[in-house]
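Since the structure comes first, as structure tokens, the remarks are kept for the end.
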Amino acid sequence: MIPAVADPTTLDGGGARRPLLPETDPRGRAAAGAEQKRPPATPTVLTAVVSAVLLLVLVAVTVLASQHVDGQAGGVPAGEDAVVVEVAASRGVAEGVSEKSTAPLLGSGALQDFSWTNAMLAWQRTAFHFQPPKNWMNDPNGPLYHKGWYHLFYQWNPDSAVWGNITWGHAVSRDLLHWLHLPLAMVPDHPYDANGVWSGSATRLPDGRIVMLYTGSTAESSAQVQNLAEPADASDPLLREWVKSDANPVLVPPPGIGPTDFRDPTTACRTPAGNDTAWRVAIGSKDRDHAGLALVYRTEDFVRYDPAPALMHAVPGTGMWECVDFYPVAAGSGAAAGSGDGLETSAAPGPGVKHVLKASLDDDKHDYYAIGTYDPATDTWTPDSAEDDVGIGLRYDYGKYYASKTFYDPVLRRRVLWGWVGETDSERADILKGWASVQSIPRTVLLDTKTGSNLLQWPVVEVENLRMSGKSFDGVALDRGSVVPLDVGKATQLDIEAVFEVDASDAAGVTEADVTFNCSTSAGAAGRGLLGPFGLLVLADDDLSEQTAVYFYLLKGTDGSLQTFFCQDELRASKANDLVKRVYGSLVPVLDGENLSVRILVDHSIVESFAQGGRTCITSRVYPTRAIYDSARVFLFNNATHAHVKAKSVKIWQLNSAYIRPYPATTTSL
């Protein structure tokens, strides 16, 4: 049992005592995490009039967002330049989103009364994460490298900031950060994809061809079918034009599979053995008993397909598997390296090679993965641990992260992971700001050879090229209940690397087991335990009325061993009440002799964190209203009741913007 203690206070640099976490910071009704469905949209004559007014507001907000100037002094008081507008009916389906969406289903009533200002809304747009110029975006699709350019396709609604009219947006980059927008790659213009050009994957063939398999939602029945497209000119480095096959659809739902439970084909792989030269493609599904499935098809020409004799894998009770991904991993360096150690998708199974099977679970909107062994003779996959099988074990990310997709980068010989980071604000706020969703920072993926049981994810090494001025804070003592401000200047675009050490005698002196702790059901950073929480507060204002806490929490297990949780607390991230605010996190493996380490990327309304070299990752969408522009701060804190903590090393860099923009027609360089 953890003893009750008084509220923590500390002395800051000026000698004034301040509360670590103020009691007067209501979360709003969304903070409990309940996701409420919207009533069906009902267009009216009034809606048409309101839509016209809304359009004028959106133009103003979009102009402000596009300028993205982060140099204003001080925060913006709530209510100044407030945007007050009725919300037009959603252009999405009745609930306002699709079954492919992970946006919070907030109600249209009392939760939508926050007075957002234009300055607040403009500040939320990210500076170095990928976003389209405007409107709704979801899954990353078909990433690849071609003739000097990285390509990213993505699910996009060109007409609105809500889901609908899904097309394929397209952008290119030399470095995975500085993106140039190209014209649409594919639009819903055939009966087999009239209701949406949904997710898919690219495969590069030995002869240089690039084939793109994608899911289409059909015009008459909204059935999910698989379609083939190829570049009109594969010699074009920008792959600006795509041609859909006359053979489409090339795959339809098989017997026993529901017509809307058959989607998101993987990158094809091939491991030739004897006369078997067929490519394998996996597709996500579920059966009538709600087991999640990965179906496998074999093809020589990507037009004609034969089903494999057995399922690649199935896990009872996990429901529909979306955006299945399947790829090999080799022994890495044991640390989160920026390049190398990746394997091409068709790498042959064998000693030292494992295969990752990942599924995005439609039931809970999280990305789960497992490590196992692939048998190309039977096209089946077996997890190394049944307890850590797909959908019941490890996740890529314990925060807001979904519909991910990897690709192999032949230049730096690495596997790169993309993930969709949806919004957790209201649809009304999305419409006001004119956009919804970002892509995560691309991450390298390696097998963690120190544990052998998990992946390591780390921001691609190119992120370090965005670093500008930096500061170091070494050997900072964090007494129990303390908060220490760090003077880093502008604190809205940051790369933070921190290493913490807990006094060994404090940890050894704890004798009581604490087996009930869980990040998501805890009180967040406000809760006090014997050995935690401690870490950093980012996007915080001076009086800590807004803050996003990234922290460790240590506890003793029943066997006397120390366990380490890594958590991210959004409960006080914003004063706005039209948000879903949660505490995310999970256990993170910490090996003997390792200090506690974390890397944090802060980019306006998104915070991505990587603990212990990327063993556990958490992504949050946060929407500060006070800790914005020059009012954003960074703090160290220790809210433990028993542990003395030292921040051995804290390095913080300001990051430049990526200046994502349309592709210039007169040049092919950045």
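Quick reminder: no glycine exception, Cβ is built from N, Cα and C everywhere.
For Cys519 (disulfide bond), other Cβ atoms within 10 Å of its Cβ number 22. Among the features that Swiss-Prot reports, disulfide bond is placed at Cys519-Cys567, with the record citing similarity to another entry.
Annotated N-linked glycosylation site per Swiss-Prot: Asn165 (among others), in sequence order, evidence recorded as sequence analysis. According to DSSP, Asn165 (N-linked glycosylation site) sits in a coil region rather than a helix or strand.
Within the same chain, no residue at least 6 positions away in sequence has its Cβ under 8 Å from that of Asn275 (N-linked glycosylation site). What Swiss-Prot lists as N-linked glycosylation site is Asn275 (among others).
Marked as N-linked glycosylation site by Swiss-Prot on the basis of sequence analysis: Asn518 (among others). Remark: Asn518 (N-linked glycosylation site) has Phe565 as non-local neighbours, by Cβ distance under 8 Å and separation of at least 6 in sequence.
According to Swiss-Prot, the N-linked glycosylation site annotation covers Asn595 (among others). According to DSSP, Asn595 (N-linked glycosylation site) is assigned to coil rather than to any helix or strand.
Around the Cβ of Asn639 (N-linked glycosylation site), a 10 Å sphere holds 29 further Cβ atoms from the protein chains shown. Under the heading N-linked glycosylation site, Swiss-Prot lists Asn639 (among others).
Residues or ranges marked as region 'Disordered' in Swiss-Prot: 1-40.
What Swiss-Prot lists as transmembrane segment is 45-65, and the listing cites sequence analysis.
Calculated from their C-alpha atoms, the gap between Asn595 (N-linked glycosylation site) and Asn165 (N-linked glycosylation site) amounts to 49 Å. The recorded positions Asn165, Cys567, Asn595 differ in how many other CB atoms lie within 10 Å of their CB, and the one with the most is Cys567. Asn165 (N-linked glycosylation site) sits 37 Å from Cys567 (disulfide bond), taking the Cα positions as reference. In this structure, Cys519 (disulfide bond) is part of a helix by DSSP. On a Cα basis, Asn639 (N-linked glycosylation site) lies 15 Å away from Cys519 (disulfide bond). Recorded residues Cys567 (disulfide bond) and Asn639 (N-linked glycosylation site) have their alpha carbons 14 Å apart, per Cα-Cα distance.
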